[in-house]
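K.L.:
Straight from Swiss-Prot, here's the annotation block:
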ACT_SITE  ASP100  active site
ACT_SITE  CYS103  active site, nucleophile
BINDING   CYS387, CYS392, CYS404, CYS407  Zn(2+) 1 binding site
BINDING   CYS506, CYS509, CYS521, CYS524  Zn(2+) 3 binding site
BINDING   CYS701, CYS706, CYS718, CYS721  Zn(2+) 6 binding site
MOD_RES   SER451  phosphoserine
REGION    224-227  region 'Interaction with ubiquitin'
REGION    591-775  region 'Sufficient for inhibitory activity of TNF-induced NF-kappa-B activity'
ZN_FING   381-416  zinc finger
ZN_FING   464-499  zinc finger
ZN_FING   500-533  zinc finger
ZN_FING   586-621  zinc finger
ZN_FING   636-671  zinc finger
ZN_FING   695-730  zinc finger
ZN_FING   741-775  zinc finger
Amino acid sequence: MAEQLLPQALYLSNMRKAVKIRERTPEDIFKPTNGIIYHFKTMHRYTLEMFRTCQFCPQFREIIHKALIDRSVQASLESQKKLNWCREVRKLVALKTNGDGNCLMHAACQYMWGVQDTDLVLRKALCSTLKETDTRNFKFRWQLESLKSQEFVETGLCYDTRNWNDEWDNLVKMASADTPAARSGLQYNSLEEIHIFVLSNILRRPIIVISDKMLRSLESGSNFAPLKVGGIYLPLHWPAQECYRYPIVLGYDSQHFVPLVTLKDSGPELRAVPLVNRDRGRFEDLKVHFLTDPENEMKEKLLKEYLIVMEIPVQGWDHGTTHLINAAKLDEANLPKEINLVDDYFELVQHEYKKWQENSDQARRAAHAQNPLEPSTPQLSLMDIKCETPNCPFFMSVNTQPLCHECSERRQKNQSKLPKLNSKLGPEGLPGVGLGSSNWSPEETAGGPHSAPPTAPSLFLFSETTAMKCRSPGCPFTLNVQHNGFCERCHARQINASHTADPGKCQACLQDVTRTFNGICSTCFKRTTAEPSSSLTSSIPASCHQRSKSDPSQLIQSLTPHSCHRTGNVSPSGCLSQAARTPGDRAGTSKCRKAGCMYFGTPENKGFCTLCFIEYRENKQSVTASEKAGSPAPRFQNNVPCLGRECGTLGSTMFEGYCQKCFIEAQNQRFHEARRTEEQLRSSQHRDMPRTTQVASRLKCARASCKNILACRSEELCMECQHLSQRVGSVAHRGEPTPEEPPKQRCRAPACDHFGNAKCNGYCNECYQFKQMYG
């Protein structure tokens, strides 16, 4: 069996390379004698990437995943929206690691080199660092982290010096590689957060752990206790310039660590990992562990020094909102060829795939030999050359070239029934092929090649471009190998109607998309805005085997009811395609009533061809419905193209005339422009500091509510207050009531002590002039 032949770990594909890695690893560790922490010299800079598996068929892809990927951890983290929730970055996959208590070291080794820490190189380096080097800084950070933890805060627990020393000694013993019998029946003791922090300093490389916040029950899913493992561990014992800034990404679930690696050349997404969690309608930053109080105040600066931080625009929880989140850039595969195990494993997978295909083919032939009445599929006779029939999407066969199976059968039938067609011109006498129907029948298996039946069981040898019919009876569209022989529409019908729609899928074509508009992708949205006549006449040629250029989910509703429509005077085999008609038959009919249509009409379709008759009926029904309702049904009309440059999608008023993608780009551009403007304002404020201090040293007006500068040192009031007091005095002299002085408003500019006025839009004169000059 291929499942048994496929290695269950990367290092099993080439033991020589695995031995070479295990020999180099301990030699690369530098052990200073002056108390400095043990650390790697060069090998900590390597990174592993998994090969792509989409080129294999789904059945064999399942075998690869069973061999290498820890699907339970991956499914758990993805269901909790901790892993692969951001569509802007590449997907991460969890590789299997041994669960012997040393899984943290196994995961870190696999992320860098593709082998596990079976020789305990990292474990021994961790233990030696805690025993033989100066650990006062580690102990101090651990004590600070413990005092901030929930156990100390909520219980009021207090430790004396002896308690702290005992706890620290216990942590050092847990890191030992010589433990004869660990707790919980494991070979080694499990490690904790402080061990991850020490490991990041040994590797001189940040470690990011993706984990749930709560320890949950495996049966009920209820919360047991808070988890503190997840977060960011920076190698703070080293200057940032001496560290490798691409992090190691690990997953943690059910007390088990796994490496989370990217897929090589998987797509245009960014090779990065978000530094936030998306939880309860907001974005929450990942915790940075073991920071002192001064370091906690400069956390953002530390992240940018030890990581390559980039800002990514993502869609918010509210519709139409965009957020900028921080993400750490990940390294690409850089293992040298002499120690690259992924390439060897990929070559082995390709070899096993060929053997698996041959075995599957032999098993299928043996099953057919045991049951000769069972129809066989002539898929292995297909050639990679299209059929010569115009508009036919199928491929020719070795036995029927230059035609496909169905076109060859149709030609034979037309030639054998040509005299009958000349004598009987009516469409009732033509036993043609119905739209989307198949000529295959079990009685015809004895002679000649046949087309593939709609229930073909073996589809894994073909790519998605191989044109074959959907296995649903009467469906004219092409199957998808990932939908078990059904097309997208028929596969969607089989899904439970109560199943909630996935926001990442188009509701029309059911394809994974990065952005949708009202639940549908841009392609389907443009199709809904087009007129029915243009979409039908341009996308469906007259051949009964023509695969529609439009999406099947848009046309199946209108084509299926009419593909084999029977009337009282039409026989069951009277479903006729235009391609099945002969020149002799067309001589007795007239052109379609629709102007510019190249096909022929029939009396039962009121002079229209089949497609134009479908359009006629739909238009008639829509007109009748609009007359009854009094107003036309709401449609996507009067839409304008997106305002973005060289963008062919439709814009939306919700996105200021842009499509969703261009709106995010525009928002990002505005964000950078606003940041540049803010920096210009700061620089201008620094330039005006001497002048501001000089103005502040001048004498101010004696009135408490006035901040104006005196024009003359001999006076106590400014000119404005003098005029105001004179005006108030004259009014009081005339016996008129004194108007209350209106409260003055501060200048709108930040950090300005002057008062604004209405003429300057709320700014003071100086700030208004500055704003006019510099914008």
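Cβ from N, Cα, C; glycine included.
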K.L.:
Reduced to three states, what secondary structure does DSSP give ASP100 (active site)?
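P.N.:
In the DSSP reduction, ASP100 (active site) maps to coil.
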K.L.:
Tell me, what is the mean pLDDT of the zinc finger (695-730)?
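P.N.:
The predicted confidence over the zinc finger (695-730), as a mean pLDDT, is 66.
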K.L.:
Provide the three-state DSSP residue tally for the zinc finger (741-775): helix first, then strand, then coil.
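P.N.:
So the zinc finger (741-775) is made up of 13 helix, 2 strand, 20 coil.
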K.L.:
Can you grab the distance from CYS521 (Zn(2+) 3 binding site) over to CYS706 (Zn(2+) 6 binding site)? Cα atoms, rounded to a whole Å.
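P.N.:
CYS521 (Zn(2+) 3 binding site) and CYS706 (Zn(2+) 6 binding site) have their Cα atoms 61 Å apart.
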K.L.:
How big is the Cα-to-Cα gap, in Å, between CYS404 (Zn(2+) 1 binding site) and CYS718 (Zn(2+) 6 binding site)?
P.N.:
99
K.L.:
CB neighbours of CYS718 (Zn(2+) 6 binding site) within 10 A?
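P.N.:
Result for CYS718 (Zn(2+) 6 binding site): 21 other Cβ atoms within 10 Å.
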K.L.:
Give the helix, strand or coil assignment DSSP yields for CYS706 (Zn(2+) 6 binding site).
P.N.:
coil
K.L.:
Near CYS404 (Zn(2+) 1 binding site), how many other Cβ atoms are within 10 Å of its Cβ?
P.N.:
27
K.L.:
Please tell me which one of the binding-site residues listed here (CYS392, CYS506, CYS706, CYS718, CYS721) sits closest to the residue listed as 'active site', measuring Cα to Cα?
P.N.:
CYS506
K.L.:
What is the three-state DSSP composition of the zinc finger (381-416), stated as helix, strand and coil residue counts?
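P.N.:
Counting residues by DSSP class gives 13 helix, 8 strand, 15 coil.
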K.L.:
Write out how many residues of the zinc finger (586-621) are helix, how many strand and how many coil, based on DSSP.
P.N.:
16 helix, 2 strand, 18 coil
K.L.:
Would you mind pulling the DSSP three-state label for CYS506 (Zn(2+) 3 binding site)?
P.N.:
coil
K.L.:
For CYS103, CYS392, CYS524, CYS701, listed as recorded positions, tell me which one has the smallest number of other Cβ atoms within 10 Å.
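P.N.:
Looking at the recorded positions CYS103, CYS392, CYS524, CYS701, the Cβ with the fewest others within 10 Å is that of CYS701.
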K.L.:
In Å, rounded, how far does the Cα of CYS718 (Zn(2+) 6 binding site) sit from the Cα of CYS524 (Zn(2+) 3 binding site)?
P.N.:
70
K.L.:
Check the Cα-Cα distances from CYS407 (Zn(2+) 1 binding site) to the recorded positions CYS103, CYS506, CYS524, CYS706 and tell me which is shortest.
P.N.:
CYS524
K.L.:
Select the closest residue to CYS392 (Zn(2+) 1 binding site) from the following recorded positions, measuring between CA atoms: CYS103, CYS506, CYS524.
P.N.:
CYS524
K.L.:
For the binding-site residues CYS387, CYS521, CYS706, CYS721, work out the Cβ neighbour count at 10 Å and name the residue with the minimum.
P.N.:
CYS706
